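As written in TrEMBL, here are the features:
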REGION    1-23  region 'Disordered'
COMPBIAS  11-22  compositional bias 'Basic and acidic residues'
TRANSMEM  37-59  transmembrane segment
TRANSMEM  65-90  transmembrane segment
COMPBIAS  101-118  compositional bias 'Basic and acidic residues'
REGION    101-120  region 'Disordered'
TRANSMEM  127-150  transmembrane segment
TRANSMEM  156-177  transmembrane segment
TRANSMEM  189-208  transmembrane segment
Amino acid sequence: MAAQNQVHITIPKDHNGKKQVPEDDFDYSQRAQWVRAAVLGANDGLVSIASLMMGVGAVQKDVKAMILIGFAGLFAGACSMAIGEFVSVYSQLDIERAQMKRDRATGGQNQEHEEGNKEQLPNPFQAAVASAIAFSLGAIVPIIAAAFIANHKVRLAVIVAAVSLALLAFGVIGAFLGRSPMVKSCARVLIGGWMAMAITFGLTKLIGSSTGMEL
């Protein structure tokens, strides 16, 4: 009988003795939870506060009013995003834990598989903190852009320009972290941001003109 050829493949290990996973085999879905929260928070903070300030700017030329409403929206939005993410992700965590208990009771998974699932469980605290911080970082962009511009029309133009650049940056970051198509990611956030600001500005301008509130 001919001897069988045996091929031994050595899997590289790091300094802790753990097997290294090639970058091409990395499961980027593990990043999905906190990437989603961070990108959503940044985009929401950027677009909502910019739209809010544009709406105020449609009927009010006072820079102090725009800055004040911007900060009020930042504080309220960051708290809302954090609480919303915490509740949402915690609900998902409860569902996945309950499913793991059912699988364990029916013998549907072994110990090694269960430990792997526990490592991939969503973290509600991480999602809440990431969302709140990202919202604040996004929201501060239009506030800073408007703070040092005295001319009203120039101030509005600077807000739109700064927000557009920030939207592109957030789109690139989100696409890079999640390994998703960069052009589509940037286009989605940019067009969506423009639409939100334009609609808010136009409707507020219309309401202000019809009610005589425009100053």
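Heads up, the Cβ atoms here are built off N, Cα and C, so glycines get one too.
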Cβ-Cβ under 8 Å with the transmembrane segment (127-150): same-chain residues at least 6 beyond its ends: 33-34, 37-50, 53, 63, 66-67, 70-71, 73-74, 77-79, 81-86, 88-89, 158-159, 161-163, 166, 170
CB contact flag for the transmembrane segment (189-208) and the transmembrane segment (65-90), at least three pairs under 8 A: no
